[in-house]
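Sequence annotations record features per position, and here Swiss-Prot assigns site 'Important for efficient shutoff activity' to L28, L65, K202, K203, K206. The active site annotation in Swiss-Prot covers E80, D108 and rests on similarity to another entry. Annotation comment: Swiss-Prot describes K195, K198, K199 as site 'Important for efficient shutoff activity and nuclear localization'.
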Amino acid sequence: MEDFVRQCFNPMIVELAEKAMKEYGEDLKIETNKFAAICTHLEVCFMYSDFHFINEQGESIVVELDDPNALLKHRFEIIEGRDRTMAWTVVNSICNTTGAEKPKFLPDLYDYKENRFIEIGVTRREVHIYYLEKANKIKSENTHIHIFSFTGEEMATKADYTLDEESRARIKTRLFTIRQEMANRGLWDSFVSPKEAKKQLKKDLKSQEQCAGLPTKVSRRTSPALRILEPMWMDSNRTAALRASFLKCPKK
C-alpha cells in the first residue's frame with residue numbers, strides 16, 4: 001500500500017500526510033491504510049478548493065486558466081494540511097475577522113462566500129452512516145458537512161453541496177479512479193477491511209526488500225491548492241488563477 005500511495009499521489013500531498021502521521025505518533029510503515037486515507041482526504045480538500053474564486057461583486061466563479069487578475073479572492077481557506085498550531089491560528093483569525101463561531105474541532109476549509117466552516121469526509125462505507133458519525137461528533141450547526149464516497153455517492157448538510165456539479169464530478173471521478181487502481185493491485189479489500197489489511201501488510205513488508213532497488217514513478221504536477229498553503233492574511237497575494245492538475249495513478 002505504501003508504494004501505491006507514493007506512486008498515486010502528488011509528492012507534496014505525501015509529504016503533508018507523513019508530517020500529519022508523525023505529529024500524532026503514527027508509523028506509516030504500519031498504518032499504511034491510514035496513510036492512504038490521509039492522502040486521499042488531503043487531495044479531496046485541495047480539489048474542493050481549486051479554481052474557486054470570489055469576484056469584485058462577491059459572486060463565486062470558477063477559473064481554470066492562468067489569469068493575472070488581482071481582483072479575485074480565493075473562495076476557500078484551506079485549514080487541512082497545516083500543523084495543529086498554525087491551523088488553530090488560521091481558524092482564530094477567521095473567527096476574529098468574520099465573526100464566525102469558533103468550532104470545537106478543527107475543520108478542513110472555510111467558505112468565504114457562505115461564511116461557514118466545512119468538514120470534508122471521504123468514506124469507504126455508506127455515506128449516510130459516516131455523515132451521522134461526523135454530525136454527532138461535531139454537534140454544531142455552524143460547520144457544514146460534505147461527505148464523498150468511493151462509489152460516487154455524496155451527502156451534505158441540508159442537501160447543500162456548495163460546489164457546482166462539474167467540480168464535484170471531478171472529485172468523484174478521482175475517488176473512483178483511486179478505488180479502481182487499488183482494486184487492480186489487490187489493495188482495495190485490505191483498504192476496506194482491517195482484517196485484510198493485516199494480511200496485506202505482511203505481503204508489503206516481504207515485497208519491500210525485493211522492490212527496494214526499483215525506480216518509482218510519481219506525478220510531479222502540483223495541485224494549485226498546495227501552492228497556497230499559507231496563513232489566510234496572505235490571501236490577497238494569491239491572485240493568479242489556477243491551472244487544472246488532476247493526478248492519475250501510473251499503471252503497473
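Each Cβ is built from the backbone N, Cα and C atoms, and glycine gets one as well.
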Rounded to the nearest angstrom, how far is the Cα of E80 (active site) from the Cα of L28 (site 'Important for efficient shutoff activity')?
19
Using Cα coordinates, what distance in whole Å links D108 (active site) and E80 (active site)?
5
In sequence order, which residues at least six apart in the same chain have a CB under 8 Å from the CB of E80 (active site)?
H41, L42, C45, A87, L106, D108, L109, I120
Note down the number of other Cβ atoms within 10 Å of the Cβ of L28 (site 'Important for efficient shutoff activity'), including every protein chain shown.
20
